[in-house]
Amino acid sequence: MVMAKLKHPSLVALLLVLACLFIAPTSSTSRKTSFKQQHPCPTTNGFRVMLRHVDSGKNLTKLERVQHGIKRGKSRLQKLNAMVLAASSTPDSEDQLEAPIHAGNGEYLIELAIGTPPVSYPAVLDTGSDLIWTQCKPCTRCYKQPTPIFDPKKSSSFSKVSCGSSLCSALPSSTCSDGCEYVYSYGDYSMTQGVLATETFTFGKSKNKVSVHNIGFGCGEDNEGDGFEQASGLVGLGRGPLSLVSQLKEQRFSYCLTPIDDTKESVLLLGSLGKVKDAKEVVTTPLLKNPLQPSFYYLSLEAISVGDTRLSIEKSTFEVGDDGNGGVIIDSGTTITYVQQKAYEALKKEFISQTKLALDKTSSTGLDLCFSLPSGSTQVEIPKLVFHFKGGDLELPAENYMIGDSNLGVACLAMGASSGMSIFGNVQQQNILVNHDLEKETISFVPTSCDQL
């Protein structure tokens, strides 16, 4: 790849190489039948688990992968906003019987094993929810999954959770019959229902395997809906007591996502491995809390700049309102970043103003703002994009916000508008080590070659 010299520090270069579009910034613009109440032990040394994108192994261009993610993301965005609305409204007596809504499907899969002996299965990794669950026999209604359905009768470590346990109490909706029974709804008729239990979960591969006992999980006997077909369950990484990180009693975890079109896997680091080491470029910002949505990781975003222009956006735009609406969450399960409508319009207007390319109004890319690439061009220039967080400024690599396709002859901004909360998506997080420090209640961004971890 040929590196381009930039004419202005507020611009980054787009380079066309072969039939693919790459974005190359320079350093100056870089961008589980007895009842037991037990608890898992903290993993003192930490461990790593590899992640793979749901579209990995498919013959898709980068833009096509983003398009697939956007389709899934729109459904997820609707669910996330529905969660906030449901939490902020006052339910009547009938509504109180309904299961709370949760985020659901995601973009990355984690490989793990359950039971004794361990049975491997892939699960959706979701930073926007808490419950860990998998489909279980006897299954009254189950969707088709890529691995055999887990049979708790074949595991010597399976144990149902009692109704008086802290795990059962942590469920947003539960009943007591043959143990603690749960129901989780995902807002689009997707749901999982079954019994809460504990099991031994095994993470990692070969010599690096780590087994953790007594992890609470949902043994789903009635499951349906969209978004789970590539997985046999879900692993919640949210801030609530039922999530994996909370049950492991680990105060830190990190993930590093390789580019969406990279063949190499991404990585999740828990415990001591999730600690940020000394780094020259690190942006640390406070994690905020929304009492109505305690599982989400809210960011302290204050402003956004396009090029050298700090957008004129009201300070309250990215704040969580008294009714629980608004705010900015970081989410591994949403592909592109969505910002509040007025903020997006300001960003879009400024981006158009600073980009000396014709607008593309004919291509059906699924992205709102696209530019036409000049015929035969080997490079174009686009403005830099900076997210101003409390505590530091995160200047994104150009490939984390511009998606190009030389076949279509377009370069598109990987962002969109939201009518509710704003979401910092996974494309913007590529090749950045995202560290969650739950003790200090901060989140740090460290530019990293994720395939080297």
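Residue 1 is the first one shown; counting continues down the chain.
Glycine is treated like the rest: Cβ placed from N, Cα and C.
Annotations in TrEMBL come from automatic prediction, not curation.
Here is what TrEMBL records for this protein:
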type	residues	note
SIGNAL	1-28	signal peptide
DOMAIN	108-446	domain 'Peptidase A1'
ACT_SITE	D126	active site
ACT_SITE	D331	active site
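Across the domain 'Peptidase A1' (108-446), the prediction's mean pLDDT works out to 91. Of the recorded residues, D126 (active site) and D331 (active site) place their C-alpha atoms 8 Å from one another. Cβ contacts within 10 Å of D331 (active site), excluding its own Cβ and spanning all protein chains shown: 27.
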